[in-house]
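Undergrad: Annotation comment: TrEMBL describes 551-609 as domain 'CBS'. According to TrEMBL, the feature transmembrane segment maps to 50-70, 90-110, 161-180, 201-224, 236-256, 282-306, 326-344, 396-417.
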Amino acid sequence: MEELVGLREGSSGNPVTLQELWGPCPRVRRGIRGGLEWLKQKLFHVGEDWYFLMTLGVLMALISYAMNFVVGRVVQAHKWLYREIGDSHLLRYLSWTVYPVALISFSSGFSQSITPFSGGSGIPELKTILSGVVLDDYLDIKNFGAKVVGLSCTLATGSTIFLGKVGPFVHLSAMMAAYLGRVRTKTIGEPENKSEQNEMLVAGAAVGVATVFAAPFSGVLFSIEVMSSHFSVWDYWRGFFAATCGAFMFRLLAVFNSEQETITSLYKTSFRVDIPFDLPEIFFFVVLGAICGIMSCAYLFCQRIFLGFLKTNWVLSKLLATSKPLYSALAALVLASITYPPGVGRFMASRLSMEQHLETLFDNNSWALMTWNSSPPWPTEPDPQNLWFEWHHPRFTVLGILAFFLVMKFWMLILATTIPIPSGCFLPMFIYGAAIGRLLGEAISVAFPEGIVAGGVTNPIMPGGYALAGAAAFSGAVTHSISTALLVFELTGQIVHALPVLMAVLAANAITQSCQPSFYDGTIIVRKLPYLPWIRGRNIGSHRVIVEHFMNCAVTTLAKDMPLEEVVKVVTSADVAEYPLVESTESQILVGIVRRAQLVQALQAEPSSWAPGHQRCLQDILAGGCPTEPVTLKLSPETSLHQAHNLFELLNLQSLFVTSRGRAVGFVSWVELEKAISNLTNPPAPK
């Protein structure tokens, strides 16, 4: 029923509803409504993006801190249970293994039962979305709760399963950014815009990293490097503003909870500031980068091979398809049994948390020199003042413990990343790289116990600096990013090793990027997600290959003078989303695009035109109201593969028509581009 309207007596203003006219306090309510409208206009006058980006950063910081708080309490409960259960090896083994097995099983079952999109890292799918592909329900807010609960259970297993939260938290931030973007469009009354949605997603990725490590600078740079090949400068301030709000709120909560006295870095170090390293040590840092590059290539290759084995092995593939919680429980049982402290775990520092792993590996002192003449006993419980004792055993040297840790964690991390749970791999890679650097630093300190003489001055070797460089180099090589060099400085609060760390990261990336795809690109390849591959290197000749060599010439055109009977045949035989519209059958001059759905609707609206004897053509349907779209961008047969690839990546395109002197001669889609790039990188064998 329509509302009745009227005017007040003696009033010449706008009509008002009778409910407002006769309601209580009409003047007050009108004043409040006007005040709210004025406030809305003033707030959004400076740009509504500021408020939604600030909300995104603050919300994700609250969620990240709350998750860390809950996970910390659960991990403490597990340690208390293991410590208080008694001296029975059976009970201690059960308390060590059943706890993570139950959490991992629940994480897998709960998250997969809510939505299958909550498993894994989430960054490969997000890269696919930012490239222009639509993945249904992946960014739906209903997946948010499943991912939060599943990730919390994963992190509560501690260093037993050895997984992190960076990737899933980037996914969570992207989901929140997409939701806030929809709220924004409804609030200001604008239609949904694909480019604005991508802007919010890029900012969400930066917030995801910033609220995990309290590192806004590296968070923005990491999102630029990993998420997309082309980055709009317009998104730069959005990412920095949202990431800064998130990082500030994340560290401020620690101060409010009396965990810190003020806002500081997560992993404080005390490296020498006057002479942190000698000039000859630059060579060892470059060697460390090369070692990390080679190790990352080996890891990426083995990880991708093992994922392929899981898909081809009928037992494991069936288990993953029908009983994901069972596979997760079995994998968790294997990992937990190996890390059992009285067993093999005592040689892997398994009693330390992942944060304590980093704190000890960044230690300034050389453990090998400290245990050179004296061998402290392996403590029954971790000593908070001497956590580095966990990396020492009376029967083995520090170098042997670190080497054993690297060998075991290599395959254990590959196994852990196959578990279908919300989990990330960046922090484990970070710790693994720190262990590589620590091993090399300890070896150098043993080779030069007094230090390296440079300029008549001898300074002792600091293995912690090599651990810092190794963490940045290995994690950067695995993810194909340079921003990890900045991340280690934001994490530790010291920048004295800026030059050697950057040189190590560059050396590692130079080796890995020339040999293997990144961890996220490899996941895209194995899962066969629709993603356009990069053109790596200049020696593959992408500039010499032109569109004419690989375009699809089987293009179905619709001419304006085409009879409707032939139009119906084309529409019913070729199920494509759009058809190129040409001026005439003879000229084939491309003039526009006709959407199939709209054309079918127009044909169904005039059934009499289908009858024999009516020589009506497509032009009559177009004149009757069937809309057409102009061709704003097209390729030439002489366009190089490199140029076509850049256009598809920059504009997030799915297909383009090819014209020669205005005539439609073919089209190029992702399929043709992928095949052309594949033929360049892996030329087919000559027949």
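Every residue, even glycine, has its Cβ placed from backbone N, Cα and C.
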Undergrad: Return yes if the transmembrane segment (396-417) and the transmembrane segment (161-180) have at least 3 CB pairs under 8 Å (sequence gap of 6 or more), otherwise no.
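TA: They do touch: at least three Cβ pairs between the two stretches lie under 8 Å.
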Undergrad: Which residues of the chain, 6 or more past the ends of the transmembrane segment (161-180), have a CB below 8 A from one of its CBs?
TA: 52, 55-56, 59-60, 63-64, 67, 100, 104, 120-123, 125-126, 139-141, 143-144, 147-148, 151, 154-155, 197, 200-201, 203-205, 207-209, 211-213, 223, 332, 335-336, 354, 409, 412-413, 416-417, 419, 421-428, 430-431
Undergrad: Considering every residue in the domain 'CBS' (551-609), what is the mean pLDDT value?
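TA: Mean pLDDT for the domain 'CBS' (551-609): 81.
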Undergrad: Using DSSP, how many residues of the domain 'CBS' (551-609) fall into helix, strand and coil, respectively?
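TA: With helix first, then strand, then coil, the domain 'CBS' (551-609) has 22 helix, 16 strand, 21 coil.
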Undergrad: Looking at the transmembrane segment (236-256) and the transmembrane segment (326-344), are there 3+ C-beta pairs under 8 A, with each pair at least 6 apart in sequence?
TA: no
Undergrad: So which residues does the transmembrane segment (201-224) touch in its own chain, when a touch means Cβ under 8 Å and the partner is 6 or more beyond its ends?
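TA: Tertiary neighbours of the transmembrane segment (201-224) are 53, 56-57, 60-61, 63-64, 126, 129-130, 139, 165-166, 169-178, 231, 235-236, 238-244, 246-247, 249-251, 265-266, 479, 481-484, 486-487, 490-491.
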Undergrad: Take the transmembrane segment (50-70) and find every residue of the same chain, 6 or more past its ends, with a Cβ under 8 Å from one of its Cβ atoms.
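TA: For the transmembrane segment (50-70), the list is 43, 148, 151-152, 155-156, 165, 169, 172-173, 176-177, 180-181, 183-184, 200, 203-204, 207-208, 210-212, 238, 241-250, 253-254, 257.
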